[in-house]
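J.: Annotation comment: Swiss-Prot describes HIS142, HIS146, HIS152 as Zn(2+) binding site, evidence class sequence analysis.
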Amino acid sequence: MYLKVNIQDYFWSSSSEVKKLKLQEDRDQKCPIFFYRWEYWFQKWLEILQPNIPPAQNYELSLRLTDDSEIQILNNKYRYQNQPTDVLAFANLEVDIPQPEVVDSDLQLYLGDIVISVETAFQQAKQQGHPLITELTWLAAHGFLHLLGWDHLDQESWQKMVKQQLFLLNAVGEVYWITDNSR
């Protein structure tokens, strides 16, 4: 089983935003995250969650790292909320649509797109008192679960999703301490 991860690094390639963020960074806030690390996280999570998705030999997803300005535009367009957010996920697999039992082994099953605002992630990491990499891992896990059909429409489903995110972070060696129960 292989997962292809397409990374669009709009945020870190934008020098003005990087300069602003680097001025605020301390030595514990190490980024950017190298491609192989993102790929490792998603591959590991896919292996853990594979029994819950249509079987395929190859999977694919896209990850876009961006700023508050771009994610606000997307949030307004797709969720009708004209404000920045931390992560958006656009699932290709719809839960209510029947999926084939087995996908042709030559084809990649496209899971969808995850968009993360690094600016918002940085602020949340500061508020939570942990490194930026931990926050980005948390948001990536959250988006990944959405791609696989998880949702949090009520408190019970929210708690289940948070528990699963914590499990996924621990599986890749990232420790996450929740200091804000509303997360």
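Keep in mind that glycine also has a Cβ here, set from the backbone N, Cα and C atoms.
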J.: For HIS142 (Zn(2+) binding site), which residues in the same chain are close in space, meaning a Cβ under 8 Å from its Cβ, but six or more apart along the sequence?
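T.: When sequence neighbours closer than 6 are ignored, HIS142 (Zn(2+) binding site) has VAL87, ALA89, MET161, GLN165 within Cβ distance under 8 Å.
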J.: Determine which residues of this chain, when HIS142, HIS146, HIS152 are set aside, have a Cβ within 8 Å of the centroid of the Zn(2+) site's Cβ atoms, and list them as they appear in the sequence.
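T.: Going along the sequence, the neighbours come out as VAL87, ALA89, GLY143, LEU145, TRP150, ASP151, MET161, GLN165.
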J.: Given the binding-site residues HIS146, HIS152, which one has the fewest other C-beta atoms within 10 angstroms of its C-beta?
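T.: Per-residue Cβ counts within 10 Å for the binding-site residues HIS146, HIS152 bottom out at HIS152.
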